[in-house]
Amino acid sequence: MSFVFFDTETTGLRRGFDQIIHFAAILTDANLNEVARFETRSRLQPHVLPHPLAMHVNGLPIERLIDTNLPSHYSMVGDIRRTLMSWSPAIFVGFNSIRFDEEMLRHALFQSLYPAYLTSNHRNCRADALSLVMAVNAVSPERLVVPIGEEGQRTFRLHHLASANGVAHNHAHDAMSDVLATVELCRLVYQRSPELWQRFVRFSNKAAVADFVESEDGFVLTEFFGGRAYHAPVVCVGVDPDQANGRICLRLNQDVDQLATMSDTELQAYLSQKPSPIRRFRVNASPTLTAFFDAPEDMLDGGLIDHIENQARRVKADAHLCARILAAYVASREPYPLSPHLEERIYNGFPGPDDERRMRDFHQASWPDRLAIVQGLEDERLRWFGLRLMYSEARGVLPPVLKVEIEHRLAEQLLGDGSGCLTYDLALAETEKLTTGGTDHDDRLFRYSAYLRDRSARAATLREQKNLRGAV
């Protein structure tokens, strides 16, 4: 199977609110030989304020980000989708991509009225090179050099890893440069640790992960927090009823016989304690799993392998106990409140079949016809994203009253309390903080501050005009 290595540079870290401004990808064959590459950029959308730190890190002035010679965001997303679809099926790999780049891509697709899950569908698989590097460091540390950072801890930052392992990475935080460095690090693992590479490839496929979890009595789950690997022998007790790809596991350092004698109330209280005896992962998120017979002693959490295996078999064989543990854990979880922001509701249900058809029709229609399609969308998320997209791309076809309504709504978001998107006040405060810290050597942030003040004043005028009309 081929691989697609990709990276994004964005206006900030707020998923659903920030946007991709630079996307790069390289297609390779199964042996990691380059076959093709793709790169594109986008100008700012009207409703997005870049975080000043992102501008500083990426080295992009506001004049470049609003350059009308750059493709629009909608145009860029369409090009990305067409390219990645033409490269599918493949294994999609990035560096910290499952937590970040995948999320940014999903939001970009969804807010452009495309299906969000391109890298999970179309027979595609996905994996994360950061997890691969951490797994190598945990299991075979001699295969890759993981440098020590300024604070005396191992650092897994891409540019540090590249430098320590002789990988060229001349332009950190440039999407194509980051992709090239990620490919080279993966080649090193492919050459030096083929067994870990094969496991990495195997568990990029969610069906393979699900089969492994189902067939094994137990296994070692490795999770990474703060640059450290934490190993836990676990047994899967069932599928998360709230998420079909989720698996709920019990750590095997528990007294299983004691758990079996607890009442439902006692069991729920026990599973709610910190640190939790329960571990959860998603089969479609390329988890790091190790069979007991492959696990070295230091991955067994201080337990003896025979005892751990017996514990796993004991739990696995008791379907009633597994069901009680699963039910108690689910009952102990705090429910996720519905976000007031539509941008944060990407996981609150799939569009219905009628809206899926409308989404397809939208991209084939003329701009005047697209307005009727957008207004017919039943999903309020898609309806708002569609109207916002129309305002960004073809506001001339919008009726004047609707255009003003969209402008007021966008202005209120950018003048808001900061619970959603980056606001003018927050952006100005962060810009001033960086400028005071002496990082604005070329007046880039000074010019951005002027841009923010001008935009903020115009938004405040819109608000005032709306209030005056409401008072009449």
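Placed from the backbone N, Cα and C atoms, the Cβ positions cover glycine too.
TrEMBL does not curate its annotations; it predicts them automatically.
Feature annotations, reproduced from TrEMBL:
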type	residues	note
BINDING	ASP7	Mg(2+) 1 binding site
BINDING	GLU9, ASP178	Mg(2+) 2 binding site
BINDING	GLU9, ARG157	substrate binding site
DOMAIN	194-333	domain 'ExoI SH3-like'
DOMAIN	338-460	domain 'ExoI C-terminal'
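This view paints the features noted in TrEMBL onto the structure.
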{"residue": "ASP7", "record": "Mg(2+) 1 binding site", "DSSP (3 states)": "strand"}
{"residue": "ARG157", "record": "substrate binding site", "DSSP (3 states)": "coil"}
{"residue": "ASP178", "record": "Mg(2+) 2 binding site", "DSSP (3 states)": "helix"}
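GLU9 (Mg(2+) 2 binding site) has a Cβ environment of 21 other Cβ atoms inside 10 Å. In this structure, the CA atom of ASP7 (Mg(2+) 1 binding site) is 7 Å away from the CA atom of ASP178 (Mg(2+) 2 binding site). Averaged across the domain 'ExoI C-terminal' (338-460), pLDDT for the predicted model comes to 95.
Within 10 Å of the Cβ of ARG157 (substrate binding site) there are 15 other Cβ atoms, across all protein chains. Neighbours of ASP178 (Mg(2+) 2 binding site), defined as other CB atoms within 10 A of its CB across all chains, total 26. Around the residue listed as 'Mg(2+) 1 binding site', taking its Cβ as the centre, 26 other Cβ atoms fall within 10 Å, counting all chains. The DSSP breakdown of the domain 'ExoI C-terminal' (338-460) into helical (H, G, I), extended (E, B) and coil residues amounts to 87 helix, 0 strand, 36 coil. Within the domain 'ExoI SH3-like' (194-333), the DSSP-based counts of helix, strand and coil residues read 66 helix, 34 strand, 40 coil.
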